[in-house]
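Below is one structure, written out as structure tokens, with a few remarks after it.
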């Protein structure tokens, strides 16, 4: 019922009004929706309200039990002004009334009802009948409020009465179609426990128990009668005594004489008590199930068969030895039930029956000796069960062996190793990395390398076997697992490894670095701690600080993309430097080592430099500066206690300090270092870290240099990417950016470039195809061939005209023309696959950089000694010491005879350390040469590989 300010109102019944108005025939109307929230009052209360409010009204007539329904909960409109200056009428509320004849049959109370609110206007689907002429009572005809009416009753305003009386004609017709609502459904009752499935079992058990009890009782009575007759007839006979003794012995386990409890009465009582206990158990089960059903209410009932299957499934999946225990329990039950059955049907003792039951289970052929129908049936049943048990046992044993072999084959067993190298992840760099680690461990007779990756163990072993490389005693163990799971990390003895290498995945840079960060977090969560350091291969330089922040001092990072970019720039500015870096980074030739030599304490670095006949000292690890490595120190630096010497040597056990040799210092040629000239460089392709490469070039090149950028990225987008990367384009002082848009594998696009005018051309692995090594290398190789072909046709041929022509295939002369073009400009190609490297190296048309090979070498070197990472970072940086190639004219005169030690001492005047040389008539540089004291004749066409002091632009 609608309420407002504690007052309610009732309006005249439409049905009664219709009868007073002449009894208009009912008209059908569409059904109205039902509100979920409504309240009704009884018909008697509504009648009293109506009688109190309207006595002798225009719609007169007797109204029996009227129902008042709530029509709206909206705020009531302000009360209308009173007539003839009377006091303001109270707030009124329009209510709808129904004839009780159309109400529900439950005492005039409706469960749900509805009335369209009057203030919303007429209902759209309700037909509007014409207004009929009838007398409308005025306010003067209305009696005053009756004080006996309850306080919740209010009067109806004149305007609202007119509206309600206008619809009185239609209201009976609308109410006639109302049908009594059905009574509410009773709540669902829990189903009763059904004993019908258990009745046959109970009947069988009861009948069997009673039969067994009666049979045992009859047998016991017969045996007791025999014993009594034997005792009476042969009281003094020895044979009778023996019979009695035999009977007692044969059935001693079953019963005992003279009034004591024996097994037969006990078994009889037990057999009779079994049905009672079963009935009791089933009754308890019924009560529990009934209570459970009542508690669950209307929940769906799960069949007993499914519940049992679920319990069995949980048991077998949750217990590792569940199958074995189930088989053992089944065997015990079979032996016990078979023994009891044999004891019942045969005359043997109980223990003898149990033993016979076991023999029937273990060997199904033992039942052939049984005599009698009962023993034969029981023995055949036991033998059949035994065959089933042993077949099941053989299946379980076979499954267990197969599962163990599969676990070994799939790499699920634990690795029991110490001081091994652990590689986490799988990438194309793994083959080169394993090769370098095997070479590094050759001096100690081989080591152990463990690979943990999310691949199948057999696939990893097959891929490693395809390398066709002799690991020289190094064992490679593969395990399948995730480096993000601590259990898999413990499986490969991560806490006992001397070095851990985290390889970058083949995904894009951000995803690869995010995965590396999660792996580092997993490594820091190892409870046992880590014995060795962690080398993480990063893809983006911007993500390096975050990984170091998480890992702390144990983490050493190698940013592969940044290292390759810096090497490409150095190799473009100094041809041939790529081969020098391969020799130094790889373990096949000379590499960096740090070691302490106490006998060198107190010596000057100038003397230490020539004290190693089989190594070249390059720096000092200063103990007083927390182990900081000082590259190319002054000659006057004196080694102190705790300092270590950084050298380039063949292996860590192939060098040792010796006596200081005699050197011929001589005179250093007075040739100043030539100034830097502006250069013109071309970038073909777009790398994600190209802004870092531009900043490195800004530090290397002389003012007035030009950098042409040729790729498919729009010019406006390039500027946005470079600015987002942190490059200040307007702040470039030494180089000028020239943007050209085009495809590097389309010839007509390349022909629009002045390719013959560039000093260096860098073919980059484009960002769009860097995830695919094959596509990237194919694109780089196609670009290289197109550029060389265009250059060979534009540049004048310098080949000497000779009548002796080359008698070879036509493509040989084409390659020679491109080789001549390579003498004019330097092309550095970013090659990722070693197979593509062979194609480029055989043709000799480009100085190349093998990305994966160099990164693998750097990772292996840092894994062997984490201190080397500081050396590589300084040599790759824009500031500090650098590795470069110098002409021989800076250190000697033409045809001068000097030893390598003499040249090393002369180079100290230029603050340089000579680490190797390349003769004019050879293509291979020699790092850390042997026989350094041997005097030889040098040419000005020879070049030396040196480590020089900080560069100045």
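Cβ from N, Cα, C; glycine included.
According to TrEMBL, the feature transmembrane segment maps to residues 198-218, out of the candidate ranges 156-176, 177-197, 198-218. Matching 280-301, 302-323, 324-345 against TrEMBL, the residues noted as transmembrane segment span 324-345. For the domain 'RCK N-terminal' (678-826), the mean pLDDT of the prediction comes to 80. According to DSSP, the domain 'RCK N-terminal' (418-559) comprises 62 helix, 31 strand, 49 coil.
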